[in-house]
Amino acid sequence: MASAGGGGSESAAPEADRPQPRPFLIGVSGGTASGKSTVCEKIMELLGQNEVDRRQRKLVILSQDCFYKVLTAEQKAKALKGQYNFDHPDAFDNDLMHKTLKNIVEGKTVEVPTYDFVTHSRLPETTVVYPADVVLFEGILVFYTQEIRDMFHLRLFVDTDSDVRLSRRVLRDVQRGRDLEQILTQYTAFVKPAFEEFCLPTKKYADVIIPRGVDNMVAINLIVQHIQDILNGDLCKRHRGGPNGRNHKRTFPEPGDHPGVLATGKRSHLESSSRPH
């Protein structure tokens, strides 16, 4: 009798005693102006519209740009002249990035730094990010460091023609009031070489490569369907691996990791001021 009673109390355990939800973490990489953030927004939009389990999932987009290092006075002076390399791996605070993503994966509330490219400084204000069902983390070098790369449940690489990326970047920066000569000098001196040396080689780590970015709706729809299957606990899809047929090296979140408590239907998008990528 005592054993039966104990079992009944366990089934009635309060919500606070149950395991905390763990987000489905997606890494999205690609060159500057490849359309990474646009792809993230489209995935977020489609996941929000397609009511999985008759509810909206809470979705968050984070940018690697938030984790730029605090610059010294000398580095700031170079940045103002377009002479600082924001595309180099050493430009990022990888320790803080790893710690933040680790806490996100563990279902914890985190504070994400805010980086201002107008003043080239990390602002005192931070953005609080609460546990979410799906977190998309985008940036040019999100696959560069193995300890960060291995945290993603799904890795996407947005593959866009270099001429298209350059034209987008020039148009975007000119609209922000930057000098055309400085834009092109920075691109040839830092952006293009860094892409070829640091970003492009990480393409091999992607589970899915998306040619043409958001214009490739066939690929994006397949990715969204795959994410929905994973979140719904479709074991067949989980064991087969990603949409490209390759098995993942990591374990996807368990079916019970996404309880209804997070089903707020709210969507968040964190983006740094005047982001370079």
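Placed from the backbone N, Cα and C atoms, the Cβ positions cover glycine too.
As the structure is a computational prediction, the values presented were derived from the model and not from experiment.
Residues or ranges marked as region 'Disordered' by Swiss-Prot: 1-30 (among others).
Feature annotation from Swiss-Prot assigns ATP binding site to Gly30, Gly31, Thr32, Ala33, Ser34, Gly35, Lys36, Ser37, Thr38, Asp215.
The Cβ of His120 (substrate binding site) has Leu71, Gln75, Lys76, Ala79, Leu80, Tyr84 as same-chain neighbours under 8 Å, each 6 or more residues away in sequence. Secondary structure from DSSP puts His120 (substrate binding site) in coil. The annotation substrate binding site is assigned in Swiss-Prot to Asp87, Tyr115, His120, Arg169, Arg178, Gln186.
The region 'Disordered' annotation in Swiss-Prot covers 238-277 (among others).
Per Swiss-Prot, compositional bias 'Basic residues' is recorded for 238-250.
What Swiss-Prot lists as phosphothreonine is Thr251.
Residues or ranges marked as compositional bias 'Basic and acidic residues' in Swiss-Prot: 268-277.
Summarising the environment of Arg178 (substrate binding site), the number of other Cβ atoms within 10 Å of its Cβ, over all protein chains shown, is 15. Counting only residues at least six positions away in the same chain, the Cβ atoms of Thr32, Ala33, Ile183, Tyr187, Val191 sit under 8 Å from the Cβ of Arg169 (substrate binding site).
The secondary structure of Tyr115 (substrate binding site), as reduced to three states from DSSP, is extended strand. Across the annotated binding residues for ATP (Gly30, Gly31, Thr32, Ala33, Ser34, Gly35, Lys36, Ser37, Thr38, Asp215), the two most widely spaced Cα atoms sit 17 Å apart.
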